[in-house]
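Swiss-Prot lists 1-19 with the feature signal peptide. Annotated region 'Framework-1' per Swiss-Prot: 20-49, in sequence order. Swiss-Prot lists C41-C115 with the feature disulfide bond. If you look up Swiss-Prot, you'll see 50-54 marked as region 'Complementarity-determining-1'.
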Amino acid sequence: MGWSCIMLFLAATATGVHSQVQLQQPGAELVKPGASVKLSCKASGYTFTSYWMHWVKQRPGRGLEWIGRIDPNSGGTKYNEKFKSKATLTVDTSSSTAYMQLHSLTSEDSAVYYCAR
């Protein structure tokens, strides 16, 4: 029996009128079913601890699904009930980076994932 992979595409978006605000994600990830993956989102051009960071999922041909958000100042999180056991949100304020770890990956997790301020 052959092995299979799950493709995760990463993207970022920032709100506001300031063109220098940037959220950077590294690109695509290829992982095996059952594995975990940690996605990163590096922020620049604004005070990282002043805005919540949201994570959103989009599968081909489907709408956006809000996964959850984290307050970089306090580390407090709020999750969509559907993703409570799937995703873990964390931040590293020293590098202005937000992370989302996805657990026990399946084909249903193959999607584009956005971080959004």
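Counting starts with 1 at the first residue shown.
Yeah, the Cβs are placed from backbone N, Cα and C, and that goes for glycine too.
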Whole-number mean of pLDDT values that fall within the region 'Complementarity-determining-1' (50-54): 97
Among C41, C115 [disulfide-bonded residues], residue with fewest other Cβ within 10 Å: C41
Where C41 (disulfide bond) sits in the secondary structure, as DSSP reduces it to three classes: strand
C115 (disulfide bond) in three-state DSSP notation: strand
